[in-house]
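Participant: First, the structure itself, so that you have it in front of you.
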Amino acid sequence: MSTPYLLIDAGNSRVKWALVQADGTQTHSGAFSHGGQLVKGTGDPLQSRHEPDWSALPAPGSAWLSNVAGDAVARRIDAFIDRHWPGLARTTVRSAAQQCGVTNAYTTPSQLGSDRWAGMIGARAAFPGEPLLIATFGTATTLEALTADGVFVGGLIAPGWSLMMRSLGEHTAQLPTLDSTAARGLLDGDNAAGQREPAERGAWFATDTPRSLSSGCALAQIGLIERMWRHLQDEWQVSVRLVVGGGAAGELVQALSVPYTRHDSLVLAGLALIAAQAPVYPSTHTRPV
C-alpha cells in the first residue's frame, strides 16, 4: 500500500480531514470544530473535545491543506500536525489560473478562496463533461458556475443561513438571535412553543417570530440558488447539474424545488487530485504547489 496523503479542509467553523491513498481511496476521515468548544484551561480552539485521535493512523507522506480560517488557525493546525508527525512536509494550496482541468476566470486568480478552488476541481472530477452550479452552505453561502469544459466563469458569495439569522438578532432591537441548532427544529414544522403548524397555512408561513426568522433566512438562501440555477439553464441552453454541500445543506435542501446532487467532500476530493498531480519535491516542512 502506498504512503497516504493527509488532507485538511479548514473552513470558518470546522476542520475536515482525510487520509487518502494515491489512487484516491479514502481510508480514514473526520471533522472537528476549531472554535468555541474548548477544553477547560487550554485556551486553544484546536484542543476541543472533538479533536481527532490520530495516534493509531498510518503516517502520511505529506499533508495538503486548504485554509480559509486565517493565520491563527493555520498555526494551530501546524502545531497539531507536528504533535503527531513532526516535520511532515505540507503544502497550503492556493488558487491558480489553471489546475487539474479547471480554468479560473477570476481577474486575479489568487483571490479565489482555496476551498472554492479545490471544490471545483473535485466537482469536475466527480461529474466530468457536465456544466455545474456548485452551492456550498457554510458560514458563507457560495456559488460557482463551471462550464462543461471546466471553465469557472464566476461565482457569488452571500451570508450563510446561520450568519444571516445571527446578524438579524444582533442588529435589531426585538428579534431573537437564533443559532442553527435552535433553527433546525423550527424548519421541521414546529413553532416556538413546540407545536406543529397547521398544514393549510403552508409549510413556510410561520405564526411566531423565531420560525419566521428561520424560514425566511432559509428561503433567502434557496431563492438565490434556484434563481441562479435557472439563469444558467437559460443562458447556456443546457441541463445544469446543481451540486450542493456544506454544513447547513442538510437543513436547507429540503426547501429546494429543483433537482440537485448532494456531495459533502468536494474540497477534500479536490485536494486529493491536487496532491496526486503535484510534482515531487525533496521532503521539506513547506513547499510550493
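Each residue, glycine too, has its Cβ placed from N, Cα and C.
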Participant: With ASP9, ALA10, GLY11, ASN12, SER13, ARG14, VAL15, LYS16 listed by Swiss-Prot as ATP-binding, which of these, THR139, THR141, THR142, is given for the same site?
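Facilitator: Record check against Swiss-Prot: ATP site with ASP9, ALA10, GLY11, ASN12, SER13, ARG14, VAL15, LYS16, extra candidate from THR139, THR141, THR142 is THR139.
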Participant: Including all protein chains shown, what's the count of other C-beta atoms within 10 A of the C-beta of ASP115 (substrate binding site)?
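Facilitator: Around ASP115 (substrate binding site), other Cβ atoms within 10 Å: 25.
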Participant: By a 10 A CB contact count over all chains shown, which of the binding-site residues listed here is most packed: SER13, SER114, THR139, THR209?
Facilitator: SER114
Participant: Tell me, in order along the sequence, which binding-site residues from TYR106, ASP115, THR209 have their CA within 10 Å of GLY11 (ATP binding site).
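Facilitator: Matched binding-site residues: ASP115, sequence order.
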Participant: If you draw a 10 Å sphere on the Cβ of TYR106 (substrate binding site), how many other Cβ atoms land inside?
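Facilitator: Excluding its own Cβ, TYR106 (substrate binding site) sees 16 Cβ atoms within 10 Å.
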